[in-house]
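See structure below.
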Amino acid sequence: MDKTLKLLILCLAWTCSFSALRCAARTYPPVATNQDQVIKFTTEGATSQSYKQFIEALRQRLTGGLIHDIPVLPDPTTVEERNRYITVELSNSERESIEVGIDVTNAYVVAYRAGSQSYFLRDAPASASTYLFPGTQRYSLRFDGSYGDLERWAHQTREEISLGLQALTHAISFLRSGASNDEEKARTLIVIIQMASEAARYRYISNRVGVSIRTGTAFQPDPAMLSLENNWDNLSGGVQQSVQDTFPNNVILSSINRQPVVVDSLSHPTVAVLALMLFVCNPPNANQSPLLIRSIVEESKICSSRYEPTVRIGGRDGMCVDVYDDGYHNGNRIIAWKCKDRLEENQLWTLKSDKTIRSNGKCLTTEGYAPGNYVMIYDCTSAVAEATYWEIWDNGTIINPKSALVLSAESSSMGGTLTVQTNEYLMRQGWRTGNNTSPFVTSISGYSDLCMQAQGSNVWLADCDNNKKEQQWALYTDGSIRSVQNTNNCLTSKDHKQGSPIVLMACSNGWASQRWLFKNDGSIYNLHDDMVMDVKRSDPSLKEIILHPYHGKPNQIWLTLF
């Protein structure tokens with residue numbers, strides 16, 4: 001009897017262990033192989049929704065983990081060659097189809113199959129021809145996959161090549177035909193790369209394609225789209241190598257009007273258009289996503305921690321953290337002051353690896369650990385060490401770990417002394433690092449591709465029109481969203497409860513209901529209330545945007561349109 005019981009217990013333990021291992025394995029999605037189910041998209045009867053589902057499936061297959069809550073491709077050093085490629089089947093209304101091979105380590109198109117023949121870009125990895133399209137007759141194309149080479153062979157730039165369903169339908173038919181026209185091959189591959197790979201990388205680009213499908217109109221890439229395509233590696237590197245919310249190098253994008261957009265911080269609103277990053281390195285001591293298996297994380301490249309950026313710190317009403325009157329004597333107060341036209345010492349702060357924040361070699365220091373204590377400049381060696389330590393969170397909060405209090409600009413007046421306060425995610429407690437502290441001006445697209453529009457103190461959705469001032473919004477360093485018609489008015493939830501309408505109210509109080517975070521899931525998130533902006537009942541005719549718990553449906557998805 002005892003032996004039987006022991007045997008039963010042993011079997012149960014083995015079963016539970018195996019089950020636990022199996023369940024744990026499910027936590028980590030396997031890297032896709034070209035033998036897995038092919039992702040498909042057809043232009044026949046295509047809708048913006050079917051295209052969205054295709055892009056979401058492609059993103060999911062390409063995702064290897066999360067860094068700073070943003071999906072990232074697998075680290076190339078952890079991917080076996082046999083698992084390096086996935087295939088996408090594209091078909092058109094004439095029932096012609098091709099398969100496209102994509103490298104999971106960079107989301108590049110490396111080859112395509114047309115019937116019994118396959119064609120590999122000149123710079124395709126050597127292993128691509130081994131693992132992609134077995135049993136086909138293989139050919140090497142005369143050009144590589146870079147836009148520079150593709151444009152040379154196409155005798156057209158990306159700006160000159162139309163995108164949309166008609167262009168994709170033609171691309172499928174032409175490549176399926178096996179015609180030997182290299183110029184047209186290059187042109188059609190530019191179409192496919194942008195409508196698949198680039199759309200998987202950026203929400204902005206997938207949105208442009210989706211609008212094109214919904215309206216039945218072709219489009220050419222605008223300057224904003226091209227600048228995103230040209231800076232994917234830079235944006236990915238900026239996010240992953242960021243120190244205390246700050247990029248190691250500015251990333252210069254372009255607006256649709258060809259105005260420079262300087263992205264220098266994780267909390268910059270444009271980072272939210274990234275849907276999928278190139279893997280560059282793992283941030284040191286970062287909390288890794290559960291998608292990343294521990295052994296893989298340990299083998300992955302770790303970002304350098306030696307970088308110590310010197311930057312401005314922008315906050316309430318776009319003012320800068322400033323050493324009062326350029327005085328560096330111990331105990332001199334720190335104030336909020338208009339950011340100067342030139343970079344000057346008393347508004348420049350070095351974010352040190354020891355968690356101190358220094359100006360002219362002296363430390364930003366809290367006078368004490370009670371709410372309301374003022375913040376001062378102090379000699380780093382003689383100050384109480386814990387009073388000089390700060391963490392800058394991805395959401396723009398600057399916190400003193402010892403006290404758990406946050407940096408706050410309680411006064412709306414220029415020259416107001418900065419203090420530490422209980423963290424309530426107030427607008428006056430929001431900050432953004434970087435030397436470009438100007439508001440980012442953009443339109444904001446939402447449900448049914450309509451744009452957010454100010455109408456007096458009300459806010460609703462209307463047909464997008466770049467020329468309408470009512471649809472232009474200034475996104476400030478404090479997390480506020482302001483109508484460019486009157487930047488003293490902020491988007492504000494009337495109350496802290498579900499269903500509260502979003503309206504325009506005076507920014508002067510710096511409330512929590514006026515601080516917003518653009519997230520990579522497409523939501524505009526209120527940190528204090530843990531809710532997001534929501535088009536009421538998914539019905540723009542109600543002319544009401546409300547506060548609502550996040551569920552991820554289309555009426556909660558927003559996008560800055562540069």
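Glycine is no exception: its Cβ is also placed from the backbone N, Cα and C atoms.
According to Swiss-Prot, the signal peptide annotation covers 1-34, on the basis of similarity to another entry. Among the features that Swiss-Prot reports, active site is placed at E198. Marked as repeat '1-alpha' by Swiss-Prot: 317-359. According to Swiss-Prot, the feature disulfide bond maps to C320-C339, C363-C380, C451-C464, C490-C507, an assignment based on sequence analysis. Annotated repeat '1-gamma' per Swiss-Prot: 403-435, in sequence order. For 437-561, the entry in Swiss-Prot reads domain 'Ricin B-type lectin 2', with the evidence type sequence analysis. According to Swiss-Prot, the repeat '2-beta' annotation covers 487-526. Residues or ranges marked as repeat '2-gamma' in Swiss-Prot: 529-562.
Neighbour density at the Cβ, taken as the number of other Cβ atoms within 10 Å, is lowest among the disulfide-bonded residues C320, C490 for C320. The recorded positions shown are E198, C320, C490; of these, the one with its CA atom nearest the CA of C464 (disulfide bond) is C490.
The most densely surrounded of the disulfide-bonded residues C363, C380, C464 is C363 (count of other Cβ atoms within 10 A of its Cβ). Straight-line distance linking the Cα atoms of C380 (disulfide bond) and C320 (disulfide bond), rounded to a whole number, equals 22 Å.
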